[in-house]
């Protein structure tokens with residue numbers, strides 16, 4: 001009986017292997033046929049083949065994507081991007097996008113084969129669907145490190161900035177993500193974006209949740225822009241620019257607060273006389289105080305430095321944030337001993353932050369109540 005069961009199990013394995021081999025053979029035959037249709041078919045046949053590639057890839061593994069690339073489908077798909085025919089461009093965009101997803105080797109192959117220039121040309125189109133598909137394709141390709149310098153040098157960035165102002169919600173998300181990907185490229189000799197990006201980035205940051213991944217990327221770009229005079233002026237001139245950064249310091253994630261305080265610090269360090277009052281007017285102090293306790297180590301350092309810059313007392317009379325923390329720590333040590341000093345000091349600082357925020361809010365409410373109707377801005 002045991003031998004019969006063993007023979008039956010062996011038969012099942014052989015049958016399963018045969019089915020898998022037959023399936024792989026059918027798929028390989030399909031790949032070869034698709035490649036043949038793309039390379040030698042007329043335009044209608046090529047469009048149908050590109051659509052079939054998308055369907056096949058969406059239901060398959062990364063191995064199928066690699067086999068399709070090895071079969072030579074990438075180059076004819078790139079040639080289709082140059083066609084004046086809308087359907088040819090649309091089908092090839094979707095096929096290339098799906099070939100690149102979750103396949104680093106294909107991402108690099110597509111860029112090496114020359115996809116970036118025609119994709120940049122598509123970004124210039126008035127047709128929203130093709131333009132945003134091109135942006136989505138560039139987004140996917142920009143995730144591969146070797147592709148970043150090529151895309152950064154292609155002239156795509158100013159066109160992506162235009163999408164920040166006029167694209168769909170998804171188009172704007174894709175554009176910000178591409179610009180963020182490119183900004184991390186070590187080979188960039190110049191900033192990937194200029195002052196024209198500030199206003200749309202500020203507007204997008206106003207509308208999104210300050211703790212979202214999108215906000216993290218937007219604030220990272222704004223921090224880069226805050227290091228140039230053009231960017232600093234653009235942040236100040238943007239409607240609610242500094243206020244939006246202050247709100248991000250208050251409500252953002254650990255990452256977005258770090259970038260937002262970095263941008264504010266760059267402003268103040270560039271010209272304290274010019275930016276100090278602008279930052280204070282937007283009520284930055286409570287959020288900065290909280291950040292000295294709850295932020296990342298870099299954010300805490302930046303918040304302390306900015307708080308010191310925002311104080312109006314002379315340097316020699318100033319009680320710096322680090323000195324204040326040492327005083328609180330010494331008090332905590334005397335109260336609860338060295339073992340619990342760190343925890344007690346943190347709690348005392350948090351209480352101080354909370355009290356400072358309450359006093360700031362009371363002061364704002366008092367000023368608002370004392371204003372006559374003629375003094376309250378109409379807008």
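Just so you know, glycine gets a Cβ as well, placed from its N, Cα and C.
Note on the domain 'U-box' (161-315): mean pLDDT across this stretch is 92. Look at TrEMBL and you will find 161-315 tagged as domain 'U-box'.
Summarising the annotation, TrEMBL assigns region 'Disordered' to 1-20.
Only residues 6 or more beyond the boundaries of the repeat 'ARM' (72-114), in the same chain, are considered here, and those with a CB under 8 A from a CB of the stretch are 34-35, 38-39, 43, 46-47, 50-51, 53-54, 57-58, 62, 65-66, 121-122, 127, 129-130, 133-134, 136-137, 140-141, 143-144, 146-147, 150-151. Summarising the annotation, TrEMBL assigns repeat 'ARM' to 72-114 (among others).
Look at TrEMBL and you will find 114-156 (among others) tagged as repeat 'ARM'.
The repeat 'ARM' annotation in TrEMBL covers 155-197 (among others).
Note on the repeat 'ARM' (196-240): residues 158, 161, 164-165, 172-173, 176-177, 179-180, 183, 247-248, 250-253, 255-256, 259-260, 262-264, 266-267, 270-271, 275, 278 of its chain, located 6 or more positions outside it, place their CB under 8 angstroms from a CB of the stretch. Per TrEMBL, the feature repeat 'ARM' maps to 196-240 (among others).
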